[in-house]
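Before I ask anything, here is the structure I am working with.
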Amino acid sequence: RMSNTSSIAQFFLLAFTDTRELQLLHFWLFLGIYLAALLGNCLIITAIACDHHLHTPMYFFLLNLSLLDLGSISTALPKSMANSLSDSRAISYTGCAAQVFLFVFFFSAELYLLTVMAYDRYVAICKPLHYGTLLGSRACAHMAAAAWGCGFLNSVLHTANTFSIPLCQGNAVDQFFCEVPQILKLSCSDSYLREFWLMLFSVFFVFGCFFFIMLSYVQLFRAVLRIPSQQRRHKAFSMCLPHLAVVSLFLSTAVFAHLKPPSISSPSLDLVVAMLYLVVPPAVNPLIYSMRNKEIK
């Protein structure tokens, strides 16, 4: 049976509004958030790259996180802003596939990297004497490469699978960017099972990372509470809290977006929730990491 995906030349994204004034407001709002995210993440990358005091595993992983944040916020925002400015909703078939690929890539790599960063905090506090051997420069490079590699592999699997499924339900995507669940809604009813198993694998991957992060923090907090000096306890907590805040923001918004019950689902709620997990973390992460960090300041 021929796949009729070849007959779809473009998709139509969900518009935030049809009113011209509000479209322009949306453009300026997104532009402000985008520039703030670019500035914040570029400042962190520059600071870490240029200051040799920051050439430690923790800041090496933070540099990678900022690179991933720059990539993830650049996946959907520029196209959405361009559409608002030109009063258009169209995205080409190739552009849509590229958005799906990049979104899954940056999301998976960031989740893996946040898991590695939890391990880094755990070793720093629970096994400080082994820190240099467990997290040497080669081990850090391997872990970062594994994060980018996992993201790439996950992304190739999802994109190839999603766009090989025949689409029978038109070409209107119920979101302001292309993402796997929204493309699957357009698929023929009998062909989404293959992607279902891949999505199930992704859910296990997410919960596996989440479980590892939580396990690291349980061990970590137990170790911190045993530290007799209050000053050292406070320092240990201040090392971990930014990472915990970033993980909570990243996972809570993403999990709510994809696992919320269908009864409360609506296009406008989907838009707001997608804004939360796609736009907010990359813009807020630099603030979280630099606010109480003397070295970055």
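All positions are counted from 1 along the displayed chain.
Using the three backbone atoms N, Cα and C, a Cβ is placed for every residue, glycine included.
Keep in mind that what you see is a predicted model, and the values were worked out from it rather than measured.
According to TrEMBL, the feature domain 'G-protein coupled receptors family 1 profile' maps to 40-289. According to TrEMBL, the feature transmembrane segment maps to 27-50, 97-119, 139-157, 196-218, 239-259, 271-289.
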Is it the case that the transmembrane segment (97-119) and the transmembrane segment (139-157) touch, counting contact as three or more CB pairs under 8 Å in which the residues of each pair are 6 or more positions apart?
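With 3 or more qualifying Cβ pairs, these stretches touch.
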Across the domain 'G-protein coupled receptors family 1 profile' (40-289), what is the average pLDDT of the model, as a whole number?
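86, rounded to a whole number.
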